[in-house]
Amino acid sequence: MAPCTWHPDRLTPLSCSRCGRPACPECLTPASVGFHCRECVAQGQAATRPPRTIAGARLGDKPVVTFALIAVNLAFFLVTALQSRSAMDLSYSELYLRGGLIPAEVASGEYWRLLTSGFLHGNLVHLATNMLSLYWLGIPLERILGRGRMLTIYLISLLGASVSVLLFSAPVSLTIGASGAVYGLMGALLATFRRLRLDLRPLVVILALNVFITFSYPGLSWQGHLGGFVAGAIVGAAMVFPPRASRAAWQWGISIGLVVVLAGLTVVAADRIGAYYCLYQVAGQVSCVPAH
């Protein structure tokens, strides 16, 4: 009989089969062989790594980022709808005009439009289409990549879409919508499916259908869709293909590097476009003329 290591006032004939310290029944946990004390159990739990996905994410995490992004888009829509007093024509909204992507305004220094434009939508149908796509693509992707990587891909895809519009669209044009970022998620999911050796045909069919729609209906920004897809595919591949030992370095190194490249392209595009003076009219229209 010896006093329990954690309860000295209790005498016990028992001991930990791992470390040998005396322990009362309250302080012992059944193990595969004998009983382990509370400290040995804690050490064993700390030494056991939780299961991870191919990108390094913890298994079982809820897709918080996907729902948060949907909520932000809904909040932007609510503000623009209240300002316009309409859910089907938001062009009268101040946020719509001041946040939409107008290359001439970006070239004049309003760089926030590169991001805010991706959270604005023209009407309720536009919003619903993009949010359903974000829901369908974002949840499986976030479960594989994790929250931080999912958010990184979404924002870089959005930025890639905006920079592509800046490079290839008319200086005086207005582009809005989350579709560029959604195309980025599609590119990242294709890279992930390729890494997991899953059947790519369903995703390829969906992508082909979306490309057909992009070029079939006027007013859809193929520039934004292309830029978002390419950016998302690059970052998505960086998240799932590197070996585990150097995974984090590759993931964040390529992500940061791509942001630097996009920032450089923004400067080049802004210099090519030049400064403009834009006038916003009552009917929700904008007209711009060169500042010099």
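Even glycines carry a Cβ here, placed using N, Cα and C.
Copied from TrEMBL, the annotated features are:
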type     : residues : note
TRANSMEM : 64-82    : transmembrane segment
DOMAIN   : 109-239  : domain 'Peptidase S54 rhomboid'
TRANSMEM : 119-139  : transmembrane segment
TRANSMEM : 151-170  : transmembrane segment
TRANSMEM : 176-193  : transmembrane segment
TRANSMEM : 200-220  : transmembrane segment
TRANSMEM : 249-270  : transmembrane segment
Residue numbers, six or more beyond the limits of the transmembrane segment (64-82), whose CB comes under 8 Å of its CB atoms: 90, 93, 95-96, 99, 116, 119-121, 124, 127, 130-131, 134-135, 138-139, 142, 147, 150-151, 154, 178
Integer mean pLDDT for the domain 'Peptidase S54 rhomboid' (109-239): 94
Tally of residues which DSSP labels helix, strand or coil - the domain 'Peptidase S54 rhomboid' (109-239): 103 helix, 1 strand, 27 coil
